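Peer 1: Got a structure for you, written out below as structure tokens; questions coming shortly.
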Amino acid sequence: MLKSTVNNTRIKCGHIDQRRNYLFTTLAGTVLGSFLWSKNNVLASKMENGELHYHDPNLKFNKKLFNGKPPFERRTPDYPGHVPLYNFEKVLMFLGSSMGAFFHPEENKYIVALGESTAITPILQNLRHKMLSDPVGRTILREKPRMTSDSLNLTYLRSLPDNTIGKNYVNWLDKEHVSPDTRVAVRYIDNEELAYIYQRYRECHDFYHAITGLPIIIEGEIAVKVFEFANIGIPMSGLGALFAPLRLKSSQRQRLREIYYPWAIKNGLFSKPLINVYWEKILEKDVDEFRQEMGIQQPPDLRNMRKEYFAKKKLEKQLQGGK
């Protein structure tokens with residue numbers, strides 16, 4: 001009987017131990033689950049609030065390399081429409097646009113990109129110095145006029161006397177079928193004032209054609225570019241004079257070499273700075289008087305010279321055919 005009682009007691013104690021282990025296991029699981037759930041909940045909240053960041057082992061190295069800035073991050077533009085470029089991007093733009101301008105000079109996008117990629121800061125700063133040293137140049141920089149069909153009032157210019165700058169200008173536009181509205185806004189030159197100086201040069205280009213009478217055919221463009229380079233110093237003008245003739249016929253190169261290069265260099269170097277001319281305020285001025293004041297002589301009529309050349313070649317062919 002005593003033995004039976006002891007066995008019963010052991011059985012009861014075993015049941016109690018089993019329940020106790022079960023309770024402890026359940027309690028431990030509950031506490032651990034609550035802890036993990038709470039931790040996951042906190043992590044989820046941090047992720048949602050943007051407070052959780054992935055640890056980058058290269059972070060310290062990247063901060064030293066890029067001075068705390070992400071690579072290739074664009075800096076703040078200097079003016080509306082400005083696209084800041086890294087130096088390597090400027091080099092790539094120069095290489096691409098120079099090749100494009102050489103093989104496809106009729107494509108304005110290559111000419112525009114080449115002009116801005118070569119308009120280096122020291123050249124533009126020198127032009128700014130010239131403008132600041134001249135009362136008219138200072139006025140232009142202060143007022144920053146822009147040339148459009150509306151601002152120039154082409155209808156009014158057509159009503160001016162034939163000997164005026166304005167009438168010569170609008171006649172040249174009509175004859176060559178061009179418009180002042182086609183000039184593209186500067187985008188890739190840093191510094192707002194330097195960008196305006198280049199924009200001013202770009203918009204005045206047609207006036208240089210008008211006062212010299214040179215057409216927009218490639219020979220005329222090259223002659224004007226040499227004239228601009230000698231007077232203003234824009235690098236693209238010099239590059240155009242150097243490489244553009246390589247694609248011309250021998251007769252065209254001969255005309256440039258014997259007539260238009262000497263004229264452009266002489267008149268560009270010894271005339272007054274064209275960048276300081278406030279064209280909008282002298283449209284009613286006599287064009288011959290203006291040329292005399294600036295020290296500019298008109299070159300021979302290029303279109304007439306071409307006509308005479310082709311007429312001569314045609315006559316030679318006819319004479320050879322009659323033999």
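Glycine is treated like the rest: Cβ placed from N, Cα and C.
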Peer 1: Per Swiss-Prot, what member of Glu192, Glu221, Glu258 joins His205, Asp206, His209 in binding Zn(2+) at one site?
Peer 2: Glu221
Peer 1: Compute the centroid of the Cβ atoms of His205, Asp206, His209, Glu221, then list the same-chain residues not in that set whose Cβ lies within 8 Å of it, in sequence order, for the Zn(2+) site.
Peer 2: Phe207, Tyr208, Ala210, Leu214, Ile216, Val224
Peer 1: Going by DSSP, is His205 (Zn(2+) binding site) sitting in a helix, a strand, or coil?
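Peer 2: In three-state terms, His205 (Zn(2+) binding site) counts as helix.
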